[in-house]
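Peer 1: I grabbed these lines from Swiss-Prot:
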- 27-312: region 'Glutaminase' (REGION)
- Ser69, Asn119, Glu165, Asn172, Tyr196, Tyr248, Val266: substrate binding site (BINDING)
- 321-423: domain 'STAS' (DOMAIN)
Amino acid sequence: MTTHPLTMPIPEYFEEILESVRSDVSGEVAQYIPQLKDADPNPLALAMCTVDGHIYGAGDDEHEFTMQSVSKPFAYALALQEQGPEKVFATVGLEPSGEAFNELSLDGSTNRPMNPMINAGAIAVNQLINGSESSVEDRVEKIRSYFSALAGRELNIDRQLSETEIEGADRNLSIAHMLRNYGIIEDDAHDAVLSYTLQCSVKVTARDLAVMTATLAAGGTQPLTGEKLVDARVARLVLSTMASAGMYDEAGQWLATVGIPAKSGVSGGLVGVLPGQLGLATFSPRLNSQGNPVRGVEIFKALSEDMGLHLMSAELLTQHAVRAIEERGDTTVIQLQGAMNFSAAENFLFTVTDHDFTGEKVVLDISRVPMFRPMGRRLVKEGLRRIRDNGFKVAIYDPEDILPDFDFSDGTKSPQVDDPEEL
C-alpha cells in the first residue's frame, strides 16, 4: 500500500479562528507612541508552542513588533531568577491594583508598587536586573540576551521606537522620580525609564512569544533547546502573578472567562500559558479601553472554550492520551484514554503521525474516554479521516456513546464497530 505522511489539522483550525474575528475593527491602536499610532492596525496572528516543542502558527505569525508590556513577566522571571524572591518581594508586591497599567499604584504601608505587571512595578523590577551598579546598556543587554534564550533565537531592539517613546515618557518619568524618592530604585529616573523602555522595545513575533510562554508552561525548560532558564518555583510565581494582575483592571473577568495566566501589551501582543501544556500568543494592534487587544481577547475566549484551557476545569490532561497501539492481525487498534481536550488530541495526532501502520484496517478505541471537548473531538476525528484518506479502512469503537456523531469534515461518516476486532 502506498501511504503518505499525515498532516496536522491544527493550523487550519487556527486560520478559521482568525477569520472569525478578522472583521472586528473595534478599538484603536495605541495613540501615545508615534510608531504605534501610525502602525498598520490590520495584522492578525496566532501561534502556539507545546511543552514538547511543537509549534503551530497562522496569519501574520512572522510579523515583528515590539514587546511593550508583554515583556513584563519575562523580566520579572529574570529578576526572580537572578536576585531571589525575597529581594524582589521587598521591592514590588503581588497584589492586583485594580487600576490602569500606567497608574502609580503603591502599597500604602511600604510604598512598594502593587505588582510587577503595572508600569511602576515593572520599572522597579527592571532596576533589579544585573544589580544596582549596572549601567543601562549592560542591564538592557542582559535582558535582551535572556529574552533571546527564551525565544530560541537572537532578538533585536527597535532603537528608533525607544528613542521616540522616551521623548513622550513623562508619566513613566514621574513614576520613576516617585520610586526613587521612596527608595525603591537607586538609578537616576531618566536612566531607569530608558532601561525599561529599551526592555519594552525588544522585537518579537507571535511565534517567539509562544515559545517564550511555553518555557514558563514547562516549568522553566526551553522546549526547543532543552535549556533550563527558569526555576520551577520562579515559573509558578510568574504565572500566578500573570493570573491575578496580567490583564490590568480586566484581570478578574479574564480569569473567570478565559481562565489562564496572560499578559497583554499596547503594541497588540497577548500571551497566555496553560501550565504543563502549552504557551499561546496573538498579535492584533487595536486595543480596548483597558489596553488589551480586542481581537486577541476574542481569540483567547474561543480557544479556551474549544480547547478546554480553563485552569479551573477538571478535565486537564493528566496522562498520555494514547494508551496503546496494538497490531491484531491486519487491524491496528489505537486505544485512547482520559478526557480529550486539545492537548490530549494533539498527543494523539503526533503519535499516529509518527506510527508505521501495518495491515489494512485501523480501529479507534475510545471506550476509556469519558468526554470530548469540541476541539478534541474535531482533531481526533480529523486525524482518523486522514488515516482513512491514506488508504486504510477505519472505524470507531465507542461502547458508551461518547461521541455525538461520527461525521468527518468532508461530509462522510466513520463506521462504528461493536468490537475492536470486527472491522
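Cβ atoms here come from the backbone N, Cα and C positions, even for glycine.
Since the structure is predicted, the reported quantities are computational estimates derived from the model, not experimental observations.
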Peer 1: Can you count helix, strand and coil residues in the domain 'STAS' (321-423) using DSSP?
Peer 2: 29 helix, 33 strand, 41 coil
Peer 1: Counting other CB atoms within 10 A of each CB, which of the binding-site residues Tyr196, Tyr248 comes out lowest?
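Peer 2: Fewest other Cβ atoms within 10 Å, among the binding-site residues Tyr196, Tyr248, is found for Tyr248.
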Peer 1: Taking the region 'Glutaminase' (27-312) alone, what is its mean pLDDT?
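Peer 2: Across the residues of the region 'Glutaminase' (27-312) the model's pLDDT averages 92 on the 0 to 100 scale.
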Peer 1: If you draw a 10 Å sphere on the Cβ of Val266 (substrate binding site), how many other Cβ atoms land inside?
Peer 2: 23
Peer 1: Around the C-beta of Asn119 (substrate binding site), how many further C-beta atoms are within 10 angstroms, looking at every protein chain?
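Peer 2: Counting Cβ neighbours of Asn119 (substrate binding site) within 10 Å gives 24.
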Peer 1: Quick check: in three-state DSSP terms, what is Val266 (substrate binding site)?
Peer 2: coil
Peer 1: For Glu165 (substrate binding site), which residues in the same chain are close in space, meaning a Cβ under 8 Å from its Cβ, but six or more apart along the sequence?
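Peer 2: Counting only residues 6 or more apart in sequence, the Cβ neighbours of Glu165 (substrate binding site) under 8 Å are Ile33, Thr197, Cys200, Ser201.
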Peer 1: Over the residue list Ser69, Asn119, Glu165, Asn172, Tyr196, Tyr248, Val266, recorded for substrate, what is the maximum interresidue Cα distance in Å?
Peer 2: 21
